[in-house]
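Visitor: After the structure tokens below, expect a handful of questions from me.
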Amino acid sequence: MNRKELWFFIEPDADQDVSSYDKVMLVVIAASLIPLMLSGEAPDWMHWLDGLATFIFVVDYVLHWLCADFSHAECSHRNRFLCFLLYPLRPIAIIDLLSILPGFFPLNHGLRIFRLVRLLRIVRGLMIFRNIRRRRSVDLIVTALKKQREPFAIIFCIAVGYIFVSALVVFNVEPQTFKSFFDALYWATVSLTTVGYGDIYPVTVVGRLFTMLSSILGIAVIALPSSILTADLMIILNESDDDESNDVSAPATQSAQMALQHINVPKEDAS
């Protein structure tokens, strides 16, 4: 297998579905995140699993580096060496390298926060599904969001403005309850989204009035974008189906017209 065949093996064409290599990498990514769920001493099999996942990620990084000149159309024969040289500086290469580094530290290492760098491997998993945007269902959603971006922007601005104003009010009305402005912002956000965890809440009349108003407005903030997006999706879907039916019926119509022309020719000659 030459390098070009290797590149198409690890990075298939954009029109193809998820390849076998990508499926294996997704399994490895999921397995590499298991140590993040540990709270105590890691068992021996976990060390072996983490070491195997790290080894596979290193191999994947090296393979992509070996095929760096195929990753961009700008990499011609003249600047091929430059492509190899600059590959480690590409964003996805930096993410891959950073996600590999925690594998060289013991699972029971004292700097547990450093293990969170493993979450960068999720980015690699998301990159595997980069072709999902080409699918018809996703295209419909993106088109609907673009068409209705102005109403969505207005609703978002209203929600953010209300959160900020209500946070200012309760922060000044109830300084004993809300020790910081961030606490007030947190309460305003969870109240407007109708979540309301109940860990912090106002006790004065003004604060409770804003709580009731937040609950009412929260229903509108959630329902309005959903209804707008659903209605626009139905319109776009119907238009797309009509276009497909027209494309299918067009050849049949042309064939019928050509057949009628051939039938009418003898009549014109006879006259």
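In case you wondered, yes, glycine gets a Cβ from its N, Cα and C as well.
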Visitor: Among 5-24, 185-204, where does TrEMBL put the label transmembrane segment?
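Guide: When 5-24, 185-204 are checked in TrEMBL, transmembrane segment belongs to 185-204.
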Visitor: Near the transmembrane segment (45-63), which residues from the same chain, at least 6 beyond its ends, have a CB less than 8 A from one of its CBs?
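Guide: Beyond its ends, the transmembrane segment (45-63) has Cβ neighbours at 6, 10, 25, 28, 31-32, 34-35, 38, 93, 96-97, 99-100, 103-104, 106-107, 121.
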Visitor: Six or more residues out from either end of the transmembrane segment (152-173), which same-chain residues have a Cβ under 8 Å from its Cβ atoms?
Guide: 145, 181, 183-185, 187-189, 191-192, 202, 204, 206-207, 210, 213-214, 217, 221, 224-225, 228
